[in-house]
Amino acid sequence: MASFQRKGLQARILSTEEEEKLKRDQALVSAFKQQKLEKEAQKNWDLFYKRNSTNFFKDRHWTTREFEELRSCREYEGQKLTLLEAGCGVGNCLFPLLEEDLNLFAYACDFSPRAVDYVKQHPLYNAERCKVFQCDLTRDDLLDHVPPESVDAVTLIFVLSAVHPEKMRLVLLNVYKVLKPGRSVLFRDYGLNDHAMLRFKAGSKLGENFYVRQDGTRSYFFTDEFLAQLFVDAGYEEVVNEYVFRETVNKKEGLCVPRVFLQSKFRKPPKDPAPTSDSASL
């Protein structure tokens with residue numbers, strides 16, 4: 001088994017067979033069921049963590065390799081970094097970061113109360129270095145837990161795809177309030193034409209690039225254009241916005257699994273410097 005990764009600015013081109021499959025699967029889930037899924041979104045994620053405990057996702061040790069902002073507290077002794085992990089799950093990204101960098105303080109929140117409990121039960125959890133809380137990012141005000149403009153970086157890693165597209169902007173506006181001017185949201189999520197998107201069976205489609213899994217959790221598959229517009233409309237500036245292509249090849253089985261992710265950085269604009277007394281008199 002081997003994995004190969006590359007980056008690019010264009011979405012993955014589908015094979016003829018893949019295109020035909022997507023064309024066949026155009027029927028949408030009924031409006032009634034879609035409303036039920038939205039209403040029960042938190043319950044479905046809580047049940048997901050009840051079934052899978054902390055075993056479903058692997059720890060994400062790649063984040064500091066891909067995002068230099070998460071390494072910034074290593075450059076100078078005593079330099080601190082304050083992070084918000086929006087949608088922390090059971091801590092697969094959070095705890096590798098806390099373990100690697102003793103100068104990191106993290107706020108972490110999740111939609112699922114059960115996931116938050118798992119984070120608090122983790123042997124590396126330390127309330128002096130991490131504040132974790134339950135939060136619906138589309139509705140609950142982050143300022144109830146995090147001071148305004150106090151965070152050096154926000155991670156949104158495989159989080160926004162689980163939110164209804166009509167509510168994604170609310171998440172971005174919410175984290176905007178706690179992010180320092182000139183600092184960035186670090187984003188990675190499912191990209192258009194990812195292998196997972198093509199595996200959905202007929203009857204799973206909720207809307208354009210939006211699907212429901214059998215367990216009731218939902219997933220959106222992003223294009224770079226859609227994501228850029230979403231962030232820019234919420235007041236951010238685009239820094240990096242590119243596709244990541246990973247192919248997992250099993251030569252023995254003759255399998256090649258094409259994964260597509262979107263990896264991006266969007267910056268909160270820096271504040272204009274206050275005018276000096278000299279410039280004010282001109």
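Yeah, the Cβs are placed from backbone N, Cα and C, and that goes for glycine too.
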Trp45, Tyr49, Gly87, Asp136, Leu137, Ile157 bind S-adenosyl-L-methionine per Swiss-Prot; candidate in Asp25, Asp110, Asp194 listed for that same site: Asp110
Among Asp110, Asp136, the one of these binding-site residues whose Cβ has the fewest neighbouring Cβ atoms within 10 Å: Asp136
Three-state secondary structure, Trp45 (S-adenosyl-L-methionine binding site) (per DSSP): helix
